[in-house]
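S.K.: Heads up, here are the entries from Swiss-Prot:
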BINDING   GLY124, THR125, HIS126, GLY127, LYS128, THR129, THR130  ATP binding site
Amino acid sequence: MNINKIKKNNFFKEKKILKIHLIGIAGSGMSGIALILFNLGYKISGSDLLENFMTKKLKNMGINIYFQHSEENIKYADFIIISSAIPSDNPEIKAAKKKNIPILLRAEMLQIFMQFKFGIAVSGTHGKTTTTSMIFDILNQNKLDPTVINGGLIKSINSHAKLGFSKYFIAEADESDGSFLCLNPTTAIITNIEPDHIDNYNGEFKLLKKTFLDFLNKIPSYGIAILCTDNKAILNILPKIKCKVITYGFNKSAEFRITSYKQSDFISNFTLIRKKQLNNLEIILNLPGEHNALNATAAIAFATYQKIPDEKIYQSLKNFKGTSRRFEYVGKLFIKKKSIQNKSVMLINDYGHHPTELSETIKTIRKSWPKKNLIMIFQPHRYTRTRNLYFDFIKILSQVDSLLILNVYSANESFISGADSFSLYSDIKKIKKNVILVTNRNLILNYLLPHLNGNDIILIQGAGDIDTIINKIFILKNKKVII
C-alpha cells in the first residue's frame with residue numbers, strides 16, 4: 001500500500017489486515033494512536049527507549065513493544081508512524097526508507113482518522129490537554145461516545161485515548177512544530193497563543209501567529225472556531241479568520257463571558273453569560289484557577305454549539321476528575337521533624353513548564369491557600385525555552401517562598417551556556433535567599449526538609465521526568481504520601 005492509499009483509507013471500516021509500527025510509541029499522542037488502531041483490530045508494534053504507564057498498558061493489551069531501535073523491529077510493517085521527536089537518522093527510519101515502507105507523521109495519522117469523523121481539534125500554548133479532557137468528558141458522560149486522543153491521561157477513563165463509535169473525534173493538536181497544519185477539523189478550539197517553541201518558527205512570533213491563522217482557515221465554511229479573546233495574539237488574527245467564530249473569556253466582548261469568579265480549595269465557581277442564549281449558566285468546576293475556568297468555558301461553548309442540555313454540561317464539569325499532572329493533588333506528606341509535631345503538607349503535581357503556566361499555578365495556590373508556605377520543586381524543560389524566556393522565568397520563580405531547581409530536562413537538545421539551571425539559580429539567588437540548586441535528586445528530601453514548617457504546599461513543577469520524584473522518593477500509601 002502506498003502512502004496516498006493509506007491517507008485515503010477509512011481505518012474505522014476497512015479490513016484490519018495492516019501491520020503498523022509506531023516509532024516513539026511511549027509518547028502520549030503516539031500511544032493514543034496505537035491504542036485506537038489496536039482496538040480497531042490492526043496488528044500493532046512499537047519501539048521506544050522509554051518505558052512508562054502507557055507502554056505497560058499497551059503491552060498488557062498484547063502490543064509488541066521494543067525498548068531499543070533496530071531495523072529488525074520494522075521487518076513486517078506495512079507502514080510506519082513516527083513522532084516528530086524522532087531524528088531522521090533513527091535506524092528504523094533509515095531501514096524503512098531503504099525498503100520503501102511508507103512513513104507517516106503522527107499528525108498525518110490523526111488527519112486520516114479525522115477525515116471520516118466530526119473532527120474537533122484543541123490547540124494553544126496552554127490548556128489544550130485539560131480542555132480536550134473536558135470536552136471528552138461532557139460528550140462521554142452524556143452517552144455521545146466520542147473517540148479521543150489526548151496529550152495527557154484523562155482520569156475518568158485512566159487513559160490518553162479511547163475508541164468511540166459516534167461521529168465525534170477529539171484530538172489535542174500540537175502547534176509546537178507546525179504539524180497541526182496536517183489536520184482539517186470541523187471545529188477548532190484555540191485556548192491562547194504565546195511565544196513558545198519559537199525556534200521552530202525561525203524565532204519569529206509573527207510566524208507562529210500566522211501558522212495558527214493558516215490552521216484556522218482550513219476549517220470548512222460549515223465549521224466553527226472557538227477562540228479565547230482574553231489573548232492579544234488571538235485578537236490580532238481574529239479579523240482574518242474566514243469561518244464562523246465563537247469567542248469566550250473574561251473579556252466583556254466575549255460571546256461566552258465569565259463573571260463572578262470565585263474559588264475555594266480545589267473548587268471554583270462562576271457565572272457564564274452567553275449572549276446568544278436566553279439564560280446564564282452557573283458553573284461549579286472541580287478544579288481551581290481562572291485558567292481552568294477559561295478551559296471549561298471553551299468546552300461549554302462547544303457543548304452549547306452541539307445543543308447539549310445545560311444541566312448535563314453542569315453535571316459533567318462538576319464531576320470532572322481532571323487530567324494527570326495538571327494541578328493534580330497527589331496527597332499529604334507527613335513530616336518527621338523534631339521541630340514540627342503532627343503536621344502534614346499538601347503535595348501538588350503540575351506539568352506546567354512555561355512562565356505563564358507557572359504564574360497561573362502560583363496565583364491559583366495563593367488564592368485558595370494564601371497563608372500556606374509554597375515550596376516549588378522545578379525542573380526547567382528544554383535549553384531553548386529557558387534561553388528564550390529566561391528573564392520571565394527569573395521573575396516568576398522568585399515569587400514562591402522556597403525554590404528547589406533541578407537540572408534542565410534537555411529533551412535531546414544540546415547544552416546552551418547561560419540557559420542552564422546553575423545560571424537560573426545564580427540570578428534568582430540575587431533576588432531571594434530561599435533557592436537551592438539540586439545537584440543530586442536522590443537527596444531531594446535532604447534539600448527539602450529545612451524549608452518545611454508544617455503549613456506547606458509542595459509543588460512539583462515541570463514537563464520532563466520530574467514526576468518520577470513522587471514515585472521514587474515519596475512512598476504512596478493509602479492515598480497519602482509519607483516520608
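Glycine too: its Cβ is placed from the backbone N, Cα and C atoms.
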S.K.: Cβ neighbours within 10 Å, counted over all protein chains: which one of the binding-site residues THR125, THR129, THR130 has the most?
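M.R.: In terms of Cβ crowding, the pick is THR130.
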S.K.: For the recorded ATP site, whose residues are GLY124, THR125, HIS126, GLY127, LYS128, THR129, THR130, find every other residue on that chain with a C-beta no more than 8 angstroms from the centre of their C-beta atoms, and list them by sequence position.
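M.R.: Not counting the recorded site residues, we get VAL122, THR131, THR191, ASN192, ASN295.
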S.K.: I'd like the Cβ neighbour count for HIS126 (ATP binding site), meaning other Cβ atoms within 10 Å of its Cβ, all protein chains included.
M.R.: 22
S.K.: Name, in the order they occur in the sequence, the residues of the same chain whose CB lies under 8 A from the CB of GLY127 (ATP binding site) and which sit 6 or more residues away.
M.R.: THR191, ASN192, HIS291, ASN292, LEU294, ASN295, ALA298
S.K.: For LYS128 (ATP binding site), what residues in its own chain, 6 or more apart in sequence, show a Cβ-Cβ distance under 8 Å?
M.R.: VAL122, GLY151, GLU172, ALA173, ILE189, THR191
S.K.: In DSSP terms, helix, strand or coil for THR129 (ATP binding site)?
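M.R.: THR129 (ATP binding site) sits in a helix per DSSP.
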S.K.: Just to be sure I understand the packing, how many Cβ atoms besides its own are within 10 Å of the Cβ of GLY124 (ATP binding site)?
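M.R.: Within a 10 Å radius of the Cβ of GLY124 (ATP binding site) lie 25 other Cβ atoms.
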